[in-house]
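J.: Here's the feature list from TrEMBL:
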COILED    99-148  coiled coil
COMPBIAS  20-31  compositional bias 'Basic and acidic residues'
REGION    1-31  region 'Disordered'
REGION    176-238  region 'Disordered'
Amino acid sequence: MKRIFGAKNNKEPPPSIQDASDRINKRGESVEDKVKRLDAELCKYKDQIKRTRPGPAQEAIKARAMRVLKQKKMYEGQRDMLYNQTFNLDQVSFAAEGLKDAQQTMTALKSANKELKGMMKTVKIQDIDNLQDEMMDLMDVSSEIQETLGRSYNVPDDIDEDDLMGELDALEADMGNETEADGVPSYLQPDTEPDLDEGLDLPPPPTGRTQTAGAQPGRAQAEDEWGLPAVPRASLRG
């Protein structure tokens, strides 16, 4: 069968951009070395031309220098061509790397898009709005509760600015009076007003026991067990 159809040829894989670029760079380095050697030969020929006198010997040196210069120009042309090829390969390599990065970016975006779609199925905007409304209602109720608990009892709310200034003036007057009395409050200060009893002509208070009608003066009246004047027994009989 192999004789009829022939054996399958194992083809080598095509070189990659990096392989081609490495190969061209090696060739360029080789050409660059040749150009450097030719430059060294031209420097020698230049020194020889300076040391020799014009004549056949100098012309021969110039002819060899001219041949070396032509070789140098040829190698420089090859070097420039290789460098241009390397530059083109680098551009292609950069473009290929950019496409690979773009493919990876697209793959990552697709995966992220799929995950976001799955997450959005579990999260609804309406649920979020309802949750926010409930939270606002709860905060309002909490504020009302705090305001109710902090309400004062039996405290007048109709106090205006005039009442305030009057109260402050009264306090200032009381504090002034206390300051004048060496810091002693008015209710602890001695009474300096005149006594009203002195202006009235009142009899002096009795100093002894009151005598009953019919009692003889100079004779003490009997008293009962409670300290009251005793009633005569004759009066009780009658």
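Each residue, glycine too, has its Cβ placed from N, Cα and C.
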J.: Looking at the coiled coil (99-148) alone, can you tell me the average pLDDT?
T.: 90
J.: Mind checking how the compositional bias 'Basic and acidic residues' (20-31) divides into helix, strand and coil residues in DSSP?
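T.: Per DSSP, the residues of the compositional bias 'Basic and acidic residues' (20-31) fall into 12 helix, 0 strand, 0 coil.
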